[in-house]
């Protein structure tokens with residue numbers, strides 16, 4: 001149960017991440033893929049896991065051989081170049097022994113996994129009965145549950161104990177039903193979503209519509225995945241044939257459809273995953289990095305020449321070096337060759353057609369030997385390109401000198417123009433500053449003159465207004481003084497008259513008081529209570 005949870009959860013995370021990486025992008029998205037694989041495994045006890053890993057390594061080695069050796073020599077033959085063929089170890093028969101249906105090793109494993117009474121020993125007996133006469137298969141002397149596969153890296157002995165159980169990898173129905181009805185929504189999704197042909201969760205939007213046999217494992221040119229056997233003279237020519245070929249070869253089922261329960265075995269998932277991997281590699285431009293283990297002890301600064309030499313041999317590095325040395329490492333189309341090396345023999349202004357004759361004229365001019373002319377390409381060795389590069393070096397240096405002179409002249413001309421423009425800009429700035437200063441002075445003079453005139457006018461007007469107002473005030477003051485004099489004179493006269501009247505009355509009253517004291521007192525009271533009249 002833990003294994004099923006881990007596998008489905010991992011696939012669910014991948015299905016969630018992939019759409020996010022391509023969100024908002026239209027069309028084909030370019031990518032760089034790195035395949036890191038440990039290599040062959042050969043332990044004291046090798047089981048089903050080591051078999052799958054070593055089969056993947058065999059497939060990658062076949063792809064390497066096809067890319068480096070078969071396809072390269074095929075290109076020589078296609079271009080009509082006669083070259084000595086470099087021998088290499090072709091592991092196609094071993095792959096057919098392992099992968100073909102219905103008589104391949106994995107196919108027999110799937111077939112045996114369907115029988116409920118099958119055992120690991122019966123599986124070994126079936127393997128021995130079908131493959132004991134083949135070159136890459138060794139049967140043990142005691143006929144026990146072991147077998148040996150002669151991989152290109154060396155022989156590996158496998159024990160069939162646990163093969164069937166690991167290949168079935170079944171989950172009990174009650175456990176599966178329990179996980180389907182889990183309270184955790186993610187667990188429900190993990191076990192309610194059907195599995196794809198590679199054993200992962202099948203994303204709803206990424207189900208492929210490719211027909212079966214859309215991805216080859218053994219051929220880069222043929223669209224379907226064939227397992228050629230009899231027509232190439234391989235000893236195990238009794239492998240099944242199908243309707244996709246004149247010889248009746250049967251491809252493995254591929255495509256993006258969801259697998260059925262009857263085909264849900266680990267080996268089936270493994271083959272489909274391997275097919276998807278090869279499909280991605282075939283659609284790209286491969287670059288191989290061979291990692292060599294210096295020793296078997298995993299110790300630093302320790303080098304075992306014998307171990308390293310064995311690895312160089314079985315990985316094909318020595319053959320790759322030899323085919324590069326004996327063959328042609330550089331293949332250039334006629335058009336590209338003329339465009340790059342035309343200057344060696346022709347003038348730059350001369351129009352040269354991309355024909356083999358033009359290319360031969362250029363090569364004869366250089367004095368090179370051991371080159372070849374194909375139907376569409378020129379085939380050169382590595383030292384040819386070096387010599388052509390040296391011949392072009394003189395032209396490149398001359399071109400650099402000419403470019404330097406022209407660029408210097410253009411730069412000086414541009415600097416002179418910039419200086420002239422700067423001189424004009426500076427003169428214009430100086431003129432603008434002087435004109436601004438003169439305009440400001442003239443404006444200040446006009447402003448001062450206007451201010452002086454305005455001040456004079458204001459002074460005269462203000463003086464006239466002040467004098468006029470002063471005259472009005474003076475006339476008013478003079479009239480007020482006259483009025484005051486007249487009023488004061490009248491008041492003075494009236495006061496004098498009253499004083500005279502009062503004096504007269506006092507005088508008359510004195511005489512009366514002398515004869516009558518009562519009248520005298522009343523007269524005083526009346527005199528005091530009478531208001532003054534002015």
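One-based numbering along the chain as shown.
Cβ atoms are placed via backbone N, Cα and C, with glycine included.
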Quiz item: Which range, 237-261, 312-336, 337-361, does TrEMBL list as region 'Disordered'?
Solution: 237-261
Quiz prompt | Which range of 182-204, 205-227, 274-296, 366-388 is region 'Actin-binding', per TrEMBL | solution = 274-296
Quiz item: So, by DSSP, how many helix, strand and coil residues make up the region 'Actin-binding' (274-296)?
Solution: 9 helix, 0 strand, 14 coil
